Amino acid sequence: RSLRHTPTMERRRMEAVLLVLFLGHLVTALDVPLDLPQPPTITQESPKDYIIDPRENIIIHCEAKGKPHPSFSWTRNGTHFDVDNDPNVNMKAHSGTLVVDISREKVENYEGVYQCTARNKHGTAVSNNIVVRQSRSPLWSKEKIKPIVVQEGVSLVLPCRPPAGLPPPIIFWMDNNFQRLPQSRRVSQSLNGDLYFSNVRREDSRNDYICYARFPHTQTIQQKQPINVRVLNLDAINDTMADFYNDTDLFSVDERRPTFLIPSGTSSTKMVLRGHVLEMECIAEGLPTPEISWTKISGDLPAGRTFFLHYNKTLRIVDVSESDAADYRCTAKNQLGAVHHTIRVSVKAAPYWISGPPRNLVLAPGENGTLTCMASGTPKPSVTWAMNGIPIENSPKDVSRKVEDDTIIFTGVQTGSSAVYQCNISNDYGYLLSNAFVNVLSEPPRVLTPANKVYQVIKNHQAMIDCASFGSPIPKITWFKGSRSMSLDGDYYITHNNGTLEIYVAQAQNSGKYTCVARNSLGIYENHVHLEVKEPTRILKQPEYKVVQRGRSVVFECKVKHDPSLIPTMTWLKDDGELPDDERLIVDNDSLTITEVTENDAGVYTCIMNTTLDHDSATAELTVVEHPDPPTDLELTDQKKRSVQLTWTPGDEHNSPIQKFLIQYEDSLHHRGHWHNLTEVPGTRTTAHLKLSPYVHYTFRVLALNAIGPSRPSFPSRMYRTDPAAPDENPTGVEGFGTEHNNLVISWKPLSGFQANGPGLHYKVMWRQKALDSDWTTVTVANNSKFVVVGTPTFVPYELKVQAVNDHGEGPEPKIAEGYSGEDLPIAAPENVQAIIVNSTLAKVHWDPVPFHLIRGHLKGYKVYYWRKHSLHKHNPDHMEKDILTFSGNHTHGMLPGLHPFSLYSFNVRVFNGKGEGPPSPTQQFKMPEGVPGPPTSLLVSNPNLDSLTLEWGPPHDRNGHITGYTLKYQPVNNSNELGPLEEVALAANETSITLPNLKYSTRYKFYLSAKTVTGPGPDITQEVVPVMDEAVASRQVDIATQGWFIGLMCAIALLILILLIICFIQRNKGGKYPVKEKEDAHTDPEFQPMKDDDCTFVEYSDNEDHKPLKGSRTPSNGTVKRDDSDDSLVDYGEGGDGQFNEDGSFIGQYSGKSASRDTAEGHESSEAPSPINAMNSLNSFV
């Protein structure tokens, strides 16, 4: 391995040494950090040829960087452009970009050649000349295009001639429905947009050949007037003239050898610029359609850059180079001959860089350097230099600078000689303009690569570790690994001029920490980075070649191994492009599945496994077996009056054997343009003996069928005419029926022209009554498929016959068909009608059938009309809405479902035929028995108490009989929704409420209430209730608070407290202590503390105490207060907000079970009267 790579490494070292010796200074593409002084550098500018949209403001870009930041100015058409004095032009802040407002000015006023200048105290940079032109999409000129009439087989050119636009438009042809016109080897579009026909066919006749021009810059489309093309059908002309010229074809389509439509002559020339696209085209006419081929006379066509377009009529070579200058030959060929055309191509070149544009030069004082502007072109371009935008010959002299053609040599530069130099290279086909500055700096080294950056590389691949640095003089870069025992240099490591460390073949042991050290005469700087070597990605199981039938599924497998630390991404390509956006293509982790394969799915599929570092790929081809190609060379032999022999040549099977051939015919005499199946033969045969019918002008075609399906039809055979004869068959579908009660319509399916066997087709129509053995009545009918017999008796059977006749005789004896004359309404109603009650909602109706002769038509069935008159309850109104049940066929009974119980119904029965209904039977009535009632209309709870409640309900809406009573069931339900024992109570029919005592408090109950009649109980109505403990207790509290004795007691207590406070106040004012007070001070009752002076609140009602549950109470998790063993505490059942007394001493509001809510509402500053509950607690302290 080392032997193989050593010469390459040595060659690279030599090239680097030679470059240093030649330049005298190491020149690199160097970016000066923006915090250091530097001349301007243009970073963005508009293209040289700048086409603008006239509907939008003009934006001409010019951006530059430098230190200090540069200022900008512009020239237009070679003179200074005063931006500040033009109200429509604005220059962006800190930028040279111009924005031109065209809302008040025409765009034409701002077309021209612009150039941007960026300058600071270190130099001046200039942009390219920017030619600003507005895009144009002119309308098509008005013209009246005459219809084009051509003979079948000749060539044709449909001109497009679009209006000249900027940029040129894209041309395409479509029809009135905006569908692209189909193109082929025979019909194609030329490069200038014209539509060429090598030879025209009948199917080319149409009136909507429309050329469209799309202008891409403004995204507008212009349309040419439609062109009408009519192709003369020579077969039709020959058929018309055959009777006059003894059946001889006067006009025929002559085959001919190819000739070129474009280009003309035998040779032509073409010039193309280097790097551009070369397009040459040859379009030929001829019959059969010629095939086009291309050759390069002096060598091979360039591989990878050559493309054949428009069915080989266009040769395209991209990225043209000087080697493409040669003679090219196009050949048009068909079976009658060939023709050639030679195109001599010359290649010119606008100036182009040989080794890139000159690069910026950073020099320390006293250093040497070189700016080189090496370019080429055809013809050879000229080179001119400028400094800070001024021709260098007009610039101040500098002894350290020497200009030699395309090179400027700097020797011993000094501080202050920084500048921007412009190199301009031009010839007849273009120019190149490049800015490069010389910046004289003294700067210690710095490393620009981020510290501790991690590089990842695949094993056995090249590793490149950056150490981008800056300094003046340019720093020298040294690399170390790990402990820095020695610098990295040798066969495995290469340090490039820009400081990058290259490891040619990275291995696992190369992973680790690397240090780059940058040194120059002004200082030293070091930076640390890390390298990780990863395992490569490899495809273990590649996709395999597949052959599949259309409509089937196919799976390509692609199993991959990769480094576990890398995230893989699987991508599939088809023919080196993206997979079609089709839901039939299913991509999994390691496979591609294509369902319902079509012929478009055939191609080369590639699986690519990508990671952030590498990829692997594998390809496989999919072959789809398709429909066979159509047969060719149809020939008719062994011609007889009613038969002929047809032979053909099979087409390509496309990997699926032909199973059979289908032979079709067209009858141009009776049904022109329509093809019918005639017969089939096995796929191994190429001949068929065809049985024919008289008086038909046959044209045959053949289709091949394989496992995939049929081919396209072959081209038709020549026409074969058979002689007329008498009909071979009679009409089918003979039937008789009446449209009126006294007529008979005889109809039949007429024979087609193909079945007529001759001219003068008509029909002999015959009929007679079936019951009477009478003679046949006969009429002749032509050009019709029915006959009406009038004056017939109503609905009697007839025998019918229809025979085909033409000018050459009668058809065979026809078969006898049967029919009936017209129907009339039935004249009788069903008898013995009766109703039988099945249950409370179902009844069965019986009747005797109406005799056949009284129906007077085809029996269709019976209809029962029924309606509910009223419910059997008193004072119920009558219902008149009628329902109808239809019983098709010869029924004698029927069921009436969905009836209302306990109701009176009326009904009658009628027979009906195809004409309509007969008279109704006498209306009868029946009563429906009682049924079970519906649920009660409501079930409400009232007067809930601790251990009782009252239920109230409403009677059922649908009683369905006499209510005999109610049944109430109830049972407790625990917190787990488990049901307890069921209690049942029987209630009288006139009851609508009940009070249930002895219920468990705070227990949920479920109630079920149903009504019943003599038939039984109806459905339940249910309700769930919890006896409300809190409301009951609150009610008690209110009752106590409103009693007179309670108010008197509270007033007495208040008076007593007031007297005690007065006495204490008097004693305090005397200033002496007494034994009782000393005792109170020494033994303060913890349950009763005096009020604090600062907040006027009792100590025992602090927040901490308020949140504790009261003695003898239990607070559940849901916040409701449940009852315990003691009923004495009013506070246990308190609910709601802040209770308080009114001015008259009555209690208002509700009691609060928690003082925390009171504290929240009132605050510590509340002056409201205390709750009576708290007052009672205070009394408890005294007691």
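Even glycines carry a Cβ here, placed using N, Cα and C.
As written in TrEMBL, here are the features:
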- 1156-1167: compositional bias 'Basic and acidic residues' (COMPBIAS)
- 1174-1183: compositional bias 'Polar residues' (COMPBIAS)
- 40-127: domain 'Ig-like' (DOMAIN)
- 138-228: domain 'Ig-like' (DOMAIN)
- 258-346: domain 'Ig-like' (DOMAIN)
- 351-439: domain 'Ig-like' (DOMAIN)
- 445-532: domain 'Ig-like' (DOMAIN)
- 536-623: domain 'Ig-like' (DOMAIN)
- 630-725: domain 'Fibronectin type-III' (DOMAIN)
- 727-824: domain 'Fibronectin type-III' (DOMAIN)
- 829-931: domain 'Fibronectin type-III' (DOMAIN)
- 935-1031: domain 'Fibronectin type-III' (DOMAIN)
- 1102-1183: region 'Disordered' (REGION)
- 1-29: signal peptide (SIGNAL)
- 1045-1066: transmembrane segment (TRANSMEM)
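The highest tally of CB pairs under 8 A with the domain 'Ig-like' (351-439), across 40-127, 536-623, 829-931, is held by 40-127. Take the domain 'Fibronectin type-III' (630-725) and the stretches 40-127, 258-346, 536-623, 829-931, 935-1031: counting Cβ pairs under 8 Å, 536-623 has the most. Per DSSP, the domain 'Ig-like' (445-532) is made up of 3 helix, 49 strand, 36 coil. Highest Cβ pair count under 8 Å relative to the domain 'Ig-like' (138-228), across stretches 40-127, 258-346, 536-623, 727-824, 935-1031: 258-346. Break the domain 'Fibronectin type-III' (829-931) down by DSSP state and the numbers are 4 helix, 56 strand, 43 coil.
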